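See below for the structure under consideration.
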Amino acid sequence: MGTKQAHWAIIVVCLTLFEGNTMLVKGGFNYKEALTKSLIFLEAQRSGKLPPNNRVPWRGDSALDDGKLVNVDLVGGYYDAGDNVKYGLPMAFTVTTLSWAAIFYRSELKAAKELDNIHDAIRWGTDYFLKASSRHKRLYVEVGDPEEDHHCWVPPENMKTKRTVKKIDSNTPGTEIAAETAAAMASSSIVFRSKDRNYARLLLNKAKLLFQMAKTHKGTYDGECPFYCSYSGYNDEMMWAATWLYMATGKSMYMKYIQEEAISASVAEFSWDLKYAGAQILLTQLHFEGIKNLETFKAHGESFICSVLPDSPYHQINVSPGGFIHLRDGANTQYATGTSFLFSVYSDLLAKHKQKVTCGNKQFSSSQLLSFAKKQMDYILGKNPEGRSYMVGFGKNPPTQAHHRGASVPKLRKDEKVTCALSFTKWFRKDAPNPNELTGAILGGPDRNDKFNDKRWDSPKTEPCTYVNSLAAGALAKLSSLP
């Protein structure tokens, strides 16, 4: 397989417009509005010095001393959910999936006038990762003390909890985080290549170094447990990172790693912890474009499709009575938005190459995959047994008590002191709508029986996460382009 062919694959990834099934799935919600609001939520999660064009009026600068304990500037990045900690693994996955959406659905995002906003969201993450990886063979992977933070209910602008720092290096390996950050840098380098070539080159060079670090110093990092334990191990992140590095460089060394060293598996989910399905869909795209020896990855990617589709003879996952994917409590909506994104992408690939997915004795068309993706997103936006939206500030009867410190506490003076114990009594336990709307946040969602409790203290149902929204962005971009 020559470099010329690989570069052609990259061009296809970045530039091809997918058509053929856009007329087959009609009706639904105002997906453009949902897309816009889903990206606004990411602005509410920003840490650091906010820019003048910040669209969340109740947010302010925060955590401006991050990294001082280790004499490194670690200001910026994202808070992952409703707390004030910056976790490297989910933040990197957020950036990688936003970048994929920006590459694959570039024309749809441009038509929706959201391309610049998604670029800004990506760059907010990559600027931080450049800081976090500024020391040789070292990556800073967490800022903030989760235990202390979770015992205090104050917005990031007023927090007084410790901003401890954790790192990985040759003595403390963390293959999952290093590889996921490499994937984030490699994918985002493709995004910025046409508008800021020097910045893109900087990202790509850092991605190469991080991948080498992940490959050379292998080991699972448990420093983010019990909050972000990588239960799946690091083989999925390694394959995911190598795939994105191949997409970004076209170099045969990365394809050689994928074909000869990467360990693949058939899975039934795509999430911050399990990336196999995403890598397999990307590799199937390259297979369709003519790159050889990727048949196993295509088979595994289609196994994911078959395990999810309710009418497939190989269906595995739980679907609620209302038709919503439910894998587990706690940010369950990520499995629906992740599936919707992958199904949207694969639907377009099938349409372009006039293919179908075979699951045993059944075949499924491009339009059937897109219909299922749409059904999952429609459920989130309001077409469900509860008759309500699970995106804050969107649609009918949206949630008002998101489990989120910044949204649930009125804007305080910078010098206003609040004890942690009093903060829970005053704001966390208050059974009333949040004073600040967390616009666009997709919450954890209902239980396996479609029941939802809009209470701040029911965090599995009401806590938002950046990666739920990053996975939704691509699917919403696709749906917003439908007639």
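Using the three backbone atoms N, Cα and C, a Cβ is placed for every residue, glycine included.
Annotated range for region 'Disordered' in TrEMBL, selecting from 152-173, 350-371, 438-459: 438-459. Secondary structure of the region 'Disordered' (438-459), assigned with DSSP and counted as helix (H, G, I), strand (E, B) and coil, comes to 1 helix, 1 strand, 20 coil. Annotation for His403 (active site): spatial neighbours Ala81, Gly82, Leu443, Arg456, Trp457, Asp458, Ser459, Thr462, Glu463, Pro464, criterion Cβ-Cβ under 8 Å with sequence separation of six or more.
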